[in-house]
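Trainee: Starting off with a structure, shown below.
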């Protein structure tokens, strides 16, 4: 698997005299970025984000948009909400009924005939009719024939700026709208309240989901500053942990291992105590399946089966952690030595801890550009009007012009036909190739995001390689290793970074397409599942290979393919060490993240659940106390991952340098090892000069 590295007396770490690599990929990436800017400019000139923010009426006008006649009418009202249950809605993404912008939703049930006969109700009813309706000059049948007013109104509530029936459920599962179950539709027919469920897109579920969403939003409004405090604490704990690793790496890692075991053990104990305390309580023996989906998640904590499931899961995790530590105890010592060396490297290159901030800022910029461009692309279509009718008609769903529609023969052949706004589209070349622009936007998003990640990996690898190959540490470490490594990466290896990130992006885009096909083609679910598994494995392998290839690029300044080959062969020549040492260090670093998340998560649990008597009055009153807890836990993991990603890159770089050191050198005075004395002792090796000094 390739030739082992030969001794080179001139090699002193990352090569400074290097040339540009993968120039073609560099040019291709620059052209792709310029094309990405062109697509963005084109989308920004054609798009209109208001289409996402504001609903549109039957004429395509925006409801509630400032500076327009509809500024004070922010809500969309449907003349006949029952027509929204038609399959035509799914085909055209448009409800085949007249839609009107209104100031407020109707609050009571009323028919057109009732309003027509009662002059006191006419003004109220007219606000839900088209402009120009005159009850004194037209009869009720004429108003309905011309489609100027809805045949009835019903009690409604605004949801996503649309007036939907105010559905609710009484005891016994009876569906009501405004305490009524049967309605007169204004055309002599009776309508049951359950008929509005499908038309409102199962609004009983929507109402419950809206209630949950509102409660979660309320929890965030009263606890956001405590969440920020929890995230700051997570950042401080992570920083303290990194600093302690610098001086007490061995002790900290063993303490960390013991603490993780104790934290998981406490979780098992707590679940067992809760399970025991619920014994004999009314309703505690109900199963999760019998309970079903509940919007109040605290209900699940009142049944014994929930705590039993938590206890089993934590017990399995505890056993797996202990068994791994027992069987890999010898390799853990070498892994600890690598982490100690990484601690020293990070200590001498402290600026590396702040580099993830640059990566985060660049990724945020890439995500923002992609999201904005996607919104403008999706809203850059023109208004398309089509013929909608309730009976059979040859002109159904044909395009039409609302200004000249009444002068055509369509109304004669289809009396109930209407020319309504259908969707946004177009017939120009831009609109025909709009799907390609969307695909290009997604592909460049992956490419740019992977490039930013690759740039961070090469920069950190170059800095830490400079530390390892400095024979006299810290005297031989170059000044500003992070800045020097970043400069080399951008000046010489933009093409190599673009090449590696391009390969990874192609695989990721294929995975996205497979996910899309899996959602659309349910009949080929098994084949799609197999393909998704294969490409998931391929993506993981490419990420692993790219990471090590970037380390070689940072050290030797060669092209991506050459660096990937050298890294792969080097790892294969040391496959046992790779399979054990590298993964053990990853596992130990993962335990560190787990410990930080566990400490912050447990503290937030006791605080937000009111279990701490001293701060019980300080804790905010919440609907779901798991909302801020889950937010703090996820945020803590991301913060800890940001700090430990530097450590992980440092360990991977030192590990490859360590393997190269073993192949290049033999410990003689002419070819001394560059590794630390601790690693030499564990491997039972030594340098001759050091051995003579000891003698």
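Here the Cβ of each residue, glycine as well, is placed from N, Cα and C on the backbone.
Per TrEMBL, the feature transmembrane segment maps to 21-44, 224-244, 251-269, 307-328, 349-372, 444-471, 492-514, 587-610, 622-644.
Relative to the rest of the structure, where do these features sit?
Mentor: Counting same-chain residues at least six beyond the ends of the transmembrane segment (21-44), those with a Cβ under 8 angstroms from any Cβ of the stretch are 369, 372-373, 376-377, 380, 430, 437, 440-441, 444, 447-448, 451, 492-496, 498-499, 502, 553, 557-560.
Proximity of distant same-chain residues to the transmembrane segment (307-328), defined by a Cβ-Cβ separation under 8 Å and at least 6 residues beyond the stretch ends, is recorded for 257, 260-261, 264-265, 267-268, 271-272, 274-275, 278, 288, 301, 580, 584, 587, 591.
Same-chain residues lying 6+ beyond the ends of the transmembrane segment (444-471) with a Cβ under 8 Å from its Cβ atoms: 11-14, 29, 32-33, 35-36, 341-342, 344-345, 348-349, 352, 355-356, 358-359, 362-363, 366-367, 370, 477-478, 481-482, 484-486, 488-490, 493, 497-498, 500-502, 504-505, 508-509, 546-547, 550-551, 553-555, 646, 649-650, 652-654, 657-658, 661, 672, 674-675.
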Trainee: Six or more residues out from either end of the transmembrane segment (224-244), which same-chain residues have a Cβ under 8 Å from its Cβ atoms?
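Mentor: Tertiary neighbours of the transmembrane segment (224-244) are 252, 346, 353, 592, 595-597, 599-600, 603-604, 607-608, 619-620, 628, 631-632, 635-636, 639-640, 643-644, 647.
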Trainee: Between the transmembrane segment (251-269) and the stretches 349-372, 587-610, 622-644, work out which stretch tops the count of Cβ pairs under 8 Å.
Mentor: 587-610
